[in-house]
Amino acid sequence: MDIAIQHPWLRRPLFPSSIFPSRIFDQNFGEHFDPDLFPSFSSMLSPFYWRMGAPMARMPSWAQTGLSELRLDKDKFAIHLDVKHFTPEELRVKILGDFIEVQAQHEERQDEHGYVSREFHRKYKVPAGVDPLVITCSLSADGVLTITGPRKVADVPERSVPISRDEKPAVAGPQQK
């Protein structure tokens, strides 16, 4: 069974109202100003704040978004999490009871738009049949954190179950003569 966590871009209407976003995550913090939204206001700002390109061209590709995917197969489970903005030293994976907790944080640093600091916490429930003691974690060169664990498959041998026959009826009711 595959459970894909969709990015909010995929759950939006085709042409959303970007002036007044309905959810906090629909607000594009840290992005450039789009002069098409407020024409009278745009003349007061420096062109360095303007956003270039059409709105559809600004949609991030899959590789640029912080997606997470949970895959649950019959013999194993895997969590894939995009953490490319963090170094291995800034990541922490813990198992607390039946939950896997992933934390990442880095201090303020400069990027192409200015200064940014990032932090996130994610919790995943350990699937049934997975021993938390054998869960492993690895970080790929392109910044994908993979958490895996084998599922216990019960090796119950097949056997035939004999059928016995009772002389009494299963449902008590009026006696037929």
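The backbone N, Cα and C atoms fix where each Cβ goes, glycine too.
Listed features, source Swiss-Prot:
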type: MOD_RES; residues: M1; note: N-acetylmethionine
type: DOMAIN; residues: 58-166; note: domain 'sHSP'
type: BINDING; residues: H85, H113, H121; note: Zn(2+) 1 binding site
type: BINDING; residues: H106, E108; note: Zn(2+) 2 binding site
type: REGION; residues: 155-177; note: region 'Disordered'
type: COMPBIAS; residues: 155-169; note: compositional bias 'Basic and acidic residues'
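Rounded to a whole value, the Cα-Cα separation of H121 (Zn(2+) 1 binding site) and H106 (Zn(2+) 2 binding site) is 12 Å. DSSP gives H106 (Zn(2+) 2 binding site) a strand state. Secondary structure at H121 (Zn(2+) 1 binding site), taken from DSSP and collapsed to helix, strand or coil, is strand. Annotated pair H106 (Zn(2+) 2 binding site) and H113 (Zn(2+) 1 binding site), C-alpha to C-alpha distance, rounded: 17 Å. Recorded residues H85 (Zn(2+) 1 binding site) and E108 (Zn(2+) 2 binding site) have their alpha carbons 12 Å apart, per Cα-Cα distance. For the recorded site, H85 (Zn(2+) 1 binding site), the DSSP three-state label reads coil.
Neighbour list (E108 (Zn(2+) 2 binding site), Cβ cut-off 8 Å, at least 6 residues apart, same chain): Y115, V116, S117.
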